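For reference, TrEMBL has these:
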- 90-117: coiled coil (COILED)
- 1-118: domain 'ASD2' (DOMAIN)
Amino acid sequence: GDLDKVVNLLLSLSGRLARVETALGSLGPHAPAEDELALREKQRLLVTQLEDAKELKEHVERREEAVGAMVARYLPAEHLQDYQHFVKMKSALIAEQRELEEKIKLGQEQLRCLRESL
């Protein structure tokens with residue numbers, strides 16, 4: 001459960017940071033200074049939060065290794081391999097699900113913009 005939460009947190013923060021950086025890159029030369037300042041502050045906060053989330057992930061990974069070592073003592077080799085595969089796939093699937101959700105959200109936003117421009 002913790003792994004799910006940390007992976008979702010990392011993906012969420014990364015996505016938000018990417019959107020802020022895109023917004024910063026799209027600011028024109030005549031954009032109000034307040035807008036750029038607000039985006040830079042948001043970027044700074046997101047970078048800090050992302051670093052904290054990475055530390056959390058490292059902590060969860062260390063805990064996962066400890067749990068894996070305990071599980072290894074009680075499971076036969078084939079079941080242990082299944083357990084290890086499950087843990088690896090779960091993280092990968094969470095990341096893939098989040099990526100697909102972001103793509104859907106982006107597509108919906110682009111569709112909305114296209115409809116408004118017509």
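Cβ coordinates are placed from backbone N, Cα and C, and glycine is handled just like the others.
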> What same-chain residues lie close to the coiled coil (90-117): Cβ under 8 Å, and 6 or more beyond its ends?
Replying inline: 3-4, 7-8, 11-12, 15
> In the domain 'ASD2' (1-118), how many residues does DSSP put in helix, strand and coil?
Replying inline: 108 helix, 0 strand, 10 coil
> Given the model, what does the mean pLDDT over the coiled coil (90-117) come out as?
Replying inline: 86
